[in-house]
């Protein structure tokens, strides 16, 4: 460029028409100068072309330079953001849905963001089922358009409504609430909807908003396509939501006749990875938490790190009869585990090997392949559904629940693998929310006690891949037993009293309880015959003062914690302490069959540790005699103990019948001996519970 | 921050009958019932302080929450120290449940989460908290039975409404679901809060106390509530001088764009949807902002200028 520089143009600042570039060059580079006068005179035409070229090039540079200088200007625009009011904001959700091809809209009434989060998750779910959803804040849209949803094919409105304060709507749902209340003549017959309510049971107006929306929309003619979901923040809101959601989507698919998947592959949560060359040191073989935590045991022991306790005693308690009641003792020496009578011991059982093998046969797979199931959602905290890498055998034995009846969502997801149309149809039907579907599920699955193996056997065309099945089955849960020993007497041993669960189902199969059968088969001091366990503290406790009278009611295996209580009171007496009335009400079927712990109890009675031993033998005479009948027989004595002597009442055992019958007996005693009305009696007992003088450790 | 829910059911009032005439050992003399009745009014007052009301609505600023945790740490450290000192005292022993109840270690972990490993040197005891702490130490040393009132006020509250506060705090402050920062609210040794409260009440009622002592206990519990409310008020005051931090990202949708609305895909889509010319302008501006675009435009202009000049020659 310097070569075409004309010396004289360095001085003529004004003339830019033909010598423009010279002027610029002067501004930019005044010192450089070349002598090209000779060239100028000879090549006039070339020069003008070059001039033009340079001229435009320089203009280009100027423009570029100006553009770069402008860069800082966009920043002032930032201030405008403080008053955002995009005048072209879409307030019609119908238009928005049409434009973006959505058929499902999820409205949320949210104060602290939970309902909004649920709404977002639901709208994302839709695509798993071949549909498109969007979450929406009712405050931003004209809710009056709800009736227009019929304009969209297969449309559905889901409402995630949180209740606030005294049954009030959340701030962002106030307008919607008012609209619902005011418009009686609104016709919502084209609207398909469902509601999930979020609330907290400790508040009086639990889920009032959700319930109201569910009811009101129906009143206005809308069609409810799935039951109202109730989420309780006092319990576990997330679990409530997930359970509801799992049943909800299959029902939606059924309702719209939509397949869960566009093509035949379902949308999975996890991805299978088969390991071919993995060191077995890296493979889980049943540990709950840390790898090798079963080989190298380190305290403290808890639900993530159980202690492998050897079994020192495993004997049958009943003398006869077809049931098997058992007493086990677990050795906790060296574990640093402490417990108190009344606490619970949690054990991690494993499934029956025969059952696991049979599953492998029916599914036609090699169970000893090492695999991992990895979460496709990389942001999820849950990387795997159970500890991975592991084998199918380990997963089915240690980690997955294969004995409980599968839930409807499992049936729905497996349906696609049934090649027989009738079988597939039935699977889908049982997962739907139609009355016939629900009835079929109730009778064919629940009432017939069919577990997953039974379902696979009775639906021979159903051939799911084992990895998908492993994704769908729930985790195998720990089981809890009331400890039947006192730590004062047995500091290094934990005793368990349990009855083996075994029954014949309507299909002629024999179902066995997982934990009780596993415990029954534990060899005493056998090699590797250990029980992974930990202690869960309970609030079932003897009174602080040994002189306080106690009334213990525990028929059958409900006697467990009382064996510990009686041991403890015996120990206190041995220590020279004064011990108050210790009364036991026990019940069983036959005196010479299942009067468990008879020797121990009679010994305690002899030593006046147990001041009263009352036993009801239900089947030893023509009419049934239960503990509640014995309670009524001793009503005066009991009333004195409770009302005057400050006795504590403890009830342990069956929740559904026994606990209720016992409570009723106490109501009657309060009425008959205490002279109360039924209402007063009920309140009296309720108050005893609140003040911790009537405790229950019951199970169903 | 004790927000205990009232759980006692009201006794029904029957007409004169055998029950009414009998001396009942249950209603007015049980310490648990006297405490519940005696603190009912002050409990409502505490629930209605601005601090607590805001908290329940999810309006709690992180800095304030952290200062609240500091106050709790000092309170529980003092209380648990005095409890340990008096664990065998006949008028406290039945209520000694360190495994189930102790909070000062959980609070220490929460403070480490909020302030880092040097948290101890960074936190101090505020005035209102110090007054509360002093009273607890005084009671523990001079009149241990009154410790029951302080333990009742705090622990029963933590096991009741305190659970609600945990969930509110977790969402409002976007604390991790793994529980860091909220270990105070987590009672790992208690499976059922309801059952534990029942047990605790039965133990309170096992204490051998005369009527006068019970009355003094109720008064001390009311005092404890007042100490708590003073701490709330102090926090409220401190809150006024703290920088307002953005609680609920005002426009979370635009957060990722660095404030430049034209980068927001939604906005751009809006523009696209709402009209052609505006969109074209938008597009042009977008191009011009990009350096390569600038060079291309400049070159184009230069070429154009050149052509014009050539034509005119």
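Cβ coordinates are placed from backbone N, Cα and C, and glycine is handled just like the others.
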Out of A:244, A:249, A:699, which does TrEMBL tie to the same FAD site as A:479, A:480, A:481, A:482, A:497, A:498, A:499, A:503, A:513, A:514, A:515, A:516? A:699
Residue A:200 (FMN binding site): secondary structure state under DSSP, collapsed to three categories: coil
CA pair residue A:481 (FAD binding site) / residue A:624 (NADP(+) binding site), Å rounded to integer, equals 28
Quick check for you: of the binding-site residues A:110, A:113, A:165, A:497, A:515, which have their Cα within 10 Å of the Cα of residue A:626 (NADP(+) binding site)? none
With DSSP as the reference, give the number of residues of the domain 'Flavodoxin-like' (A:104-249) in helix, strand and coil. 65 helix, 35 strand, 46 coil
Look up residue A:515 (FAD binding site) in the DSSP assignment and report helix, strand or coil. helix
Measure from each Cβ of the binding-site residues A:113, A:162, A:200, A:203, A:499, A:626 to the Cβ atoms of chain B, and list in sequence order the residues where some distance is under 8 Å, or 'none'. A:113, A:200
Give, as a single whole number between 0 and 100, the mean pLDDT over the domain 'Flavodoxin-like' (A:104-249). 89
The most crowded of the binding-site residues A:110, A:200, A:618, judged by neighbouring Cβ atoms within 10 Å of its own Cβ, is A:110
So which one is it: of the binding-site residues A:162, A:497, A:515, which has the fewest other Cβ atoms within 10 Å? A:515
Of A:323, A:479, A:497, A:515, A:628, which is closest to residue A:203 (FMN binding site) if I measure between C-alpha atoms? They're all binding-site residues. A:479
Which of the three DSSP states, helix, strand or coil, fits residue A:628 (NADP(+) binding site)? helix
